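**Q** First, the structure itself, so that you have it in front of you.
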Amino acid sequence: MGRADPEEGQLPAPVKPPDGGWGWIVLFGCFVITGFSYAFPKAVSVYFKELMKDFHVGYSDTAWISSIMLAMLYGTGPVCSIMVNQFGCRPVMLIGGLLASSGMILASFTTNIIELYLTAGVLTGLGMALNFQPSLIMLGTYFDKRRPLANGLAAAGSPVFLSSLSPLGQVLLEKFGWRGGFLIMGGLLLNCCTCGAVMRPLDMGMKRKMEKAQDKYEAKEMLPIGGKSEEGVSTTDGTKKAKKAKKQPKKGKKLLDFSIFSNRGFIIYTISKFILVLGLFVPPILLVNYAKDTGVPDTEAAFLLSIIGFIDIFARPACGMVAGLKWVRPHVSYLFSFAMLFNGLTDICSARASNYTGLVIFCVFFGISYGMVGALQFEVLMAIVGSQKFSSAIGLVLLIEAFAVLIGPPSAGRLVDALKNYEVIFYLAGSEVVLSALFLAMATYCCLNRGKKKEPPPEKNLSMGGGSDTEEAESDVQEAEEHSSDNHQPAHSTDNAVVVASEEANHVAEEQSGEGGGCPEGDGEVLARDGCNTDQTVQRDSF
């Protein structure tokens with residue numbers, strides 16, 4: 001059973017997620033990264049009017065800055081996966097933090113809109129993408145039993161940062177202008193480097209603990225112990241196999257694992273997520289203009305988004321706690337389907353809202369359902385593919401979502417211009433979200449759950465949230481122990497046992513030691529204490 005390099009962002013199977021400890025620091029870092037990644041492209045919009053005046057461009061030209069940021073966040077998913085698999089999460093996040101910060105700093109010195117596209121759009125967007133994806137991967141390696149709650153708390157960073165970055169940007173714009181605001185925002189993005197620095201690979205800390213425990217065990221073994229005798233252990237064959245395994249070169253690591261497409265659960269999730277993104281972001285984008293067209297004042301119309309953000313802050317952690325319950329977690333995909341269905345029906349039912357009270361009610365229910373979707377989307381994906389393949393899975397999913405993001409909101413805007421009717425757009429967006437919910441629930445039930453009943457239980461769990469990485473790790477450890485016990489066959493000479501290293505002998509002796517006083521049959525391959533026949537024993541001093 002191979003072990004991945006701890007710096008390559010992969011969790012070795014025997015290492016169990018601690019579900020706490022340093023994981024809470026990792027969770028806070030993921031909270032900050034998620035907040036910057038989702039809120040920053042929207043918060044930059046407060047500078048658009050000043051950019052339009054300085055560069056003599058239209059609103060659609062400046063809006064491309066946010067669009068390019070989001071396109072880089074979603075579209076560079078496979079690139080992020082390749083870099084994480086090659087270099088590890090921590091180095092990639094440090095580089096991403098520097099890129100994001102340098103992009104905004106360079107943008108403060110630009111002289112035309114094209115340079116803004118390249119700096120604030122491409123460079124900053126790429127930097128945030130290199131932070132967002134690795135942070136989710138590290139969160140999945142540190143949490144297993146509490147992973148739904150951890151995902152919910154991390155996802156809450158988006159509404160929290162959105163409600164704070166937008167007012168901060170307005171203050172910076174009034175005091176320092178857009179150039180000074182960009183410069184200070186670039187300095188704030190350096191906090192991404194701090195968050196990347198705390199993403200310590202999990203198995204490095206576990207290795208230190210194991211080494212300390214091994215040293216203590218060896219120290220105890222050196223002390224004289226009477227009244228007990230160890231069972232004989234044959235280590236010749238095991239030693240030879242271990243040496244051969246060390247000499248064999250390591251297999252090349254896949255930079256992007258396309259084998260996840262053989263997982264039916266992943267295919268179902270990807271299709272459902274593509275349909276979802278087509279309509280999910282349309283209502284909040286058009287909400288303010290829709291309210292203004294119904295006669296709502298500008299200040300009250302803008303406050304509607306604040307209501308959604310405020311409800312979203314509490315909905316995400318609460319949904320994460322519900323998803324972590326023992327009787328809910330095995331069926332987390334159905335909870336995700338319910339969240340999408342709730343969101344879609346909210347859009348459809350509010351399509352005819354004609355006054356401010358109706359729009360406020362819509363924002364409350366939309367904030368709850370939107371928060372549920374945000375808290376569960378990556379939890380469901382982690383449950384499907386596991387932490388080992390999550391780095392490749394999220395990259396491919398984000399790439400597919402990028403196409404939906406580029407299709408959904410722009411198409412809705414064109415329909416509004418053509419039809420001059422927001423009601424149809426809300427019906428269409430809600431129908432797409434409802435369709436994705438029904439597809440996910442029905443496909444999960446028909447293709448996965450029924451297949452489980454008919455087929456024998458597979459070696460690896462491909463269901464939507466039925467297993468955990470801890471159980472997989474424990475099963476791998478049991479297989480390794482059974483394999484090592486099968487290798488303990490009698491040898492033929494005392495000389496073979498003498499050449500065995502003390503580390504390996506003590507390790508096997510720990511597993512095979514018993515309470516009896518007898519010695520096994522064989523010549524010269526036995527490690528024994530007092531009470532055994534000297535013809536069949538080897539002194540401990542020779543080791």
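Yeah, the Cβs are placed from backbone N, Cα and C, and that goes for glycine too.
Below are the features I grabbed from TrEMBL:
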type	residues	note
TRANSMEM	21-40	transmembrane segment
DOMAIN	23-448	domain 'Major facilitator superfamily (MFS) profile'
TRANSMEM	63-84	transmembrane segment
TRANSMEM	91-110	transmembrane segment
TRANSMEM	116-137	transmembrane segment
TRANSMEM	181-202	transmembrane segment
TRANSMEM	266-291	transmembrane segment
TRANSMEM	303-325	transmembrane segment
TRANSMEM	332-353	transmembrane segment
TRANSMEM	359-378	transmembrane segment
TRANSMEM	390-412	transmembrane segment
TRANSMEM	424-448	transmembrane segment
REGION	452-543	region 'Disordered'
COMPBIAS	469-479	compositional bias 'Acidic residues'
COMPBIAS	487-496	compositional bias 'Polar residues'
COMPBIAS	533-543	compositional bias 'Polar residues'
**Q** Taking the transmembrane segment (181-202) as reference, which of 21-40, 63-84, 332-353, 359-378, 424-448 has the most Cβ pairs under 8 angstroms?
**A** 21-40
**Q** The transmembrane segment (21-40): which same-chain residues, six or more beyond its ends, come within Cβ distance under 8 Å?
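**A** Answer is 69, 73, 93, 100, 124, 128-129, 131-132, 135-136, 138-139, 142-143, 150, 153-162, 165-166, 185, 189, 191-192, 194-196, 198-200, 205.
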**Q** Could you pull out which residues elsewhere in the chain have a CB under 8 Å from any CB of the transmembrane segment (332-353), counting only those six or more residues past its ends?
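**A** Long-range Cβ neighbours of the transmembrane segment (332-353): 148, 272, 276, 279-280, 283, 294, 319, 322-323, 359, 361-362, 365-366, 368-370, 372-373, 376-377, 379-380, 383, 422-423, 426-427, 429-438, 440-441, 444, 464-465.
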**Q** At a threshold of under 8 Å on Cβ distances, which of 63-84, 266-291, 390-412, 424-448 pairs most often with the transmembrane segment (359-378)?
**A** 266-291
**Q** Could you give the mean pLDDT over the domain 'Major facilitator superfamily (MFS) profile' (23-448), rounded to a whole number?
**A** 83
**Q** If we skip the immediate neighbours and take only residues 6+ beyond the ends of the transmembrane segment (63-84), which ones have a Cβ under 8 Å from one of its Cβ atoms?
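**A** Residues 8-9, 37, 40-42, 44-45, 48, 92, 116-117, 120-122, 124-126, 128-130, 132-134, 137, 255-256, 391-392, 394-399, 401-402, 405-406 contact the transmembrane segment (63-84) from elsewhere in the chain.
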